[in-house]
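Q: To start, I am sharing the structure in question, which I have written as structure tokens.
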């Protein structure tokens, strides 16, 4: 009645201008390219004593995943406690080396490079292939399996080397927009929920107190006094780990778990890792320490899928690290060289007999946000702890014996920070656009739902829902679609670049995003990502 045929108000009835509800109800916040609450950004540094403690804290945080990988895989290979200790030493040693390489010549972001859980499926496939073989001893089976993993890692590393230094990965990254980055970074954190409360619940007696203590200490007690704010905000994790670890030791000595199930005792007791008794005092990880590599095509192809997945996971982690360290989003050429260098790191891990490849550590990126310190130097200093404790095994085994539920409680906080960091990228796009809501929502949901289907339908022996006659083909697809960041990149990139991409360029946030896609599009790109010591002038442009 009050409208014309073309659904427009008649000229005589002029509607008043819409009221600005933002001004009437409270303040609004403009998008912030860099977080202003950071105490130290990527190229500013705390004092040396403080940096040393922060570096040690980074080492402790990354240790949990390293121990988890070795504890899950080595017994299945037939290895004993001494073999597990040596595998942990190798993983720690290469994490230190790879982190130094990445912070110097790769992404240049304050990111720890640690072992990747994406390699579990292809490694399980190798383990299962040798279960039917007859070996003189279980140690021989372990050695043979490790040599096969070495060969597969060495060959599959060239996937990342090619993707990076051919600039293929950087060209893919040019298809990203804030609408793609939001769900990708979100699932980098949310996709690891199985390492959060489910792992904590394996020993709720120490895991839950750890989670509650971290929240109270780091967020509430720091407000009691100005000095407490400074100390607890940065070092609350170390304090809480020491307190709960001591509590777990008291329960162990008091016999609280003597009648518990075997799984509960393994998770709760502080004396069930057997690392202190089996780790050597001094042992330098050497190349090919288990013997010459064994190359099998079927296993190599499966490992290539994991190499591709580790590239996708690292990419999402780099964007979160840039945000939490005060840097601009990494340009495509930086992503290319970081993925290429990650391939070189995998090659070195194959040579130095690691059981999995490398990826960017999500938990350590969350630690940047928790402490408000994104200093690159702190992360580089943590490499010294990794290398030191990998060589002096008894000292490293002492910290590696921290029960895993304590780490799981920490992950509940740190993974959540990374997931929320991904949501913060939405401020650079139009979050009132139904089209953007559709792309973001579908990508986020499928990025969690599809991998969950694959994980739930993966048997304990590693066989996933894709079961054709080609085992290598099964390993590739099962590995790719079990990875939330990889699924999110595939779904998000396709949807965002095919649904009215040109018409909605402004809504997608491209006017803000495009300057960061070129080396000289923003003056800060060179400030954050150039090589140290003026090396940029002497390095071929393909490797920049």
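Cβ coordinates come from backbone N, Cα and C, glycine included.
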Q: Would you mind telling me which of 378-400, 516-538 TrEMBL tags as transmembrane segment?
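A: Feature transmembrane segment in TrEMBL: residues 378-400.
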Q: For which of the residue intervals 111-130, 211-230, 271-290 does TrEMBL record transmembrane segment?
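A: TrEMBL lists transmembrane segment for residues 111-130.
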Q: Considering only Cβ pairs under 8 Å, which range in 142-163, 236-257, 406-425, 476-495 makes the most contacts with the transmembrane segment (437-456)?
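A: Per the Cβ count, the answer is 476-495.
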Q: May I ask for the residues of the chain that lie six or more residues beyond the transmembrane segment (142-163) and have a Cβ under 8 Å from a Cβ within it?
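A: Contacts with the transmembrane segment (142-163): 74, 77-80, 83, 122-123, 126-127, 130, 133, 135, 169, 288, 290-296, 299-300, 302-304, 306-308, 310-311, 336, 339-340, 342-347, 349-351, 353-355, 357.
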Q: To the transmembrane segment (175-194), which of 56-75, 236-257, 406-425 is linked by the most Cβ pairs under 8 Å?
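A: Looking only at 56-75, 236-257, 406-425, the most contacts with the transmembrane segment (175-194) come from 406-425.
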Q: Compare 111-130, 236-257, 406-425, 476-495 by their Cβ pairs under 8 Å to the transmembrane segment (56-75) and return the stretch that comes out on top.
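A: So the stretch in question is 111-130.
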Q: May I ask for the residues of the chain that lie six or more residues beyond the transmembrane segment (111-130) and have a Cβ under 8 Å from a Cβ within it?
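A: For the transmembrane segment (111-130), the nonlocal Cβ contacts are 58, 62, 65-66, 69, 72-73, 76-77, 91, 95, 98-99, 101-103, 141, 144-145, 148-149, 152, 299, 302-303, 305-306, 309-310, 313, 317-318, 321, 342, 345, 354-361, 364-365, 379, 382, 458, 461-464, 471, 475, 478-479, 482-483.
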